[in-house]
Amino acid sequence: MKNDRGDIELAGVCKSFDGVTNVVDGVNLRIADGAYCCFIGPSGCGKTTILRMIAGHEDPTAGEIVIGGQNVVGLAPMQRRTAMMFQSYALFPHLTVRENIAFALRVRGQSKTDRLRAADAMIEKVRLTQFADRLPAQLSGGQQQRVALARAAITEPRVLLLDEPLSALDEQLRVQMRQELRRMQQELGITFIHVTHTQLEAIALADLVVVMEQGKIKQAGAARDVYAHPHDRYVAEFMGGQNVLSGRVEKVNGASFTLAQAAPSGIEVPLQARSTVNVGDKVDIAVRRDDVALVRPGRDLPPGYTTSLPSRVLAIEYQGYFVKVMLDTVPDDEFVAYVPEKTFFADPFTVGDVVMATWATGSALPLA
Amino acid sequence: MQPSPSPTLSPARSNLAGWLYVSPLVLVLVPFFVAPILVVLAASFFATDGFGGLTPGFTLASYVEVLHSALTLKLYLATIKFTVLTWIFTLIIGFFVAYFLVFHVRNQLLAIGLFLLCTVPFWTSNIIRMISWIPLLGKEGLINQALLAIGLIHQPLEILLFSDLAVVIAYVHQLTIFMIVPIFNSMARIDKKLIEAAIDAGASRFDIMRLIVVPMSKSGIALGTIFVVSIVMGDFFVVKVMSGGGSASVVSAFYEDVGVLQYPTAAASAVLLTLVLVAIVSLILRTVDIRQEITR
């Protein structure tokens, strides 16, 4: 019986192209069967290399890649029962949509009638029936993407690998195709591994977000975990939506500690998961941009708000449902408040105003 | 004259601009291509006094003579045989050399170096290249010596040199590069990701070649074919030298005609050959759209 499980385990996977530097450096990860997993990181962080190693287009220098309980290192893509959707799609330009989609069945020796019937069924699934006889060059970007998806999915792989599938599309189409990817994934019920450098894409789609830097996994977890509870400065800054501040620990008092800052009272931070913090340590903390409230100097802070940092408004950007206010709260680092539109316009600030940036004590998050 | 108020050129002026754009090509094509063809075409309809003198006029006598001669058919058959054999061998060798250079040589500098190596035979003259086959293929040549020495044959093989085999060998030697270059060119444009996508779909090496590489090199193959076919069909020198006079081609026949001052029949043969070649080339162009090769 063939093994249909598409759970993946990476164990100590390393890859080096020149024998000196590891592009992928000791990656351990477990991806559940039927999960939508997004690898995210800046270009050159090794995410595409991991994808290509899972696909079988690259062999790991060290480590094991286990799919469905079977070590697949050294196997051809067809034996792994993975399929890859390439960046910019790599559709065969001399074949029609139908022939492109039927290609994998053709090289598997399926009869012409069988494979064309299967291809037509798949074409219907991706809603391309009226374009079946066109060449790829005669299709729009979104249609080409659907052909690429159909071509990869036709072999009923247990894992589908997508290399920056949306990067060739314009913004509007990207959002639309994002949903389509998710719909296809649910319909096929197989594991999707998606490489991207767009945070929004990753958190919108993924069950499991894997943040990478320089060949290493920085954090892996559910989208909300990674976004709201970043482990360290890198993840917080990469995922966005957070202000990162650093300072020295002034005193530790039970369940919280106080960070010395250019503030009258310092910054009180709950200890949370960080077990040991000593006086004098240099610590990074993160505060969500939408948790920051701005209060005019002299007014009372809302209850539960203990920290207030005097700041000057550097710039204001209207974003629709919120207003992005850039402040000079901390030297050298960006500090931004996302103020709800209605709150902002009840008492609008202008560039140059002095305000107090404040937040509820519980929303400050110590970073590793 | 008042300058035209509209920003677009008036019909007459845009016409002039159009002619100016094509003028460089016209200046080359008319004196070096159109005029000679017209001269040959005219000569083919003239009468001759048999001693090289031409009488202007219009007679189809030369065509009748050429078309009625049993020799013409024989020569065409011989030429087509050389052409087809040369085409097959240059295509096979050219395709695989290009395939190797594009898909198996990872280092681009090495690929370019090897590519230049293919042109080494062209660093010397055509005649030298042909003569250089004699020490290899001749009666006392290396191959015969070797075969005699290992006892495979007891008599030197006569067929190696001054034979049809030698003609084809010389053609293949000279013309394979004309296959390599255009095929290399179109193969080099195949996105390597397509090959990877085919591997991902489970295609074998042979599948990839059959379903991806060959169809996508079609325009290069067509261009190379046009080069090889037109060169072989228009050649007489290689046939003359390498066959030792034992074989002839269409062109060698009208070379003989010119030698005995039969200009109109030579011209008529030339026109006929041109028509045949035009037919072959247009057949190739109808099968394969080479525009993408030229425009991109």
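Placement of Cβ uses the backbone N, Cα and C atoms for every residue, glycine included.
Remember, TrEMBL labels are computer predictions, not curated facts.
Pulled from TrEMBL:
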type	residues	note
DOMAIN	B:76-284	domain 'ABC transmembrane type-1'
TRANSMEM	B:20-46	transmembrane segment
TRANSMEM	B:58-78	transmembrane segment
TRANSMEM	B:84-102	transmembrane segment
TRANSMEM	B:109-128	transmembrane segment
TRANSMEM	B:165-184	transmembrane segment
TRANSMEM	B:220-243	transmembrane segment
TRANSMEM	B:263-285	transmembrane segment
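Through the fold, the transmembrane segment (B:220-243) approaches residues 79, 82-83, 86-87, 90-91, 94-95, 98, 126-127, 130, 133, 161-164, 166-167, 169-171, 174-175, 178-187, 214, 249-252, 255, 273, 276-277, 280-281, 284-285, 287-288, 290, 293 of its own chain, all at least 6 residues removed from its boundaries and within a Cβ separation under 8 Å. By the Cβ criterion (under 8 Å, sequence separation of 6 or more), the transmembrane segment (B:263-285) is not in contact with the transmembrane segment (B:84-102), since fewer than 3 such pairs are found. Only residues 6 or more beyond the boundaries of the transmembrane segment (B:84-102), in the same chain, are considered here, and those with a CB under 8 A from a CB of the stretch are 111, 114-115, 118, 168, 171-172, 175-180, 183-184, 187-188, 190, 209, 213, 217, 220-221, 224-225, 228-229, 232.
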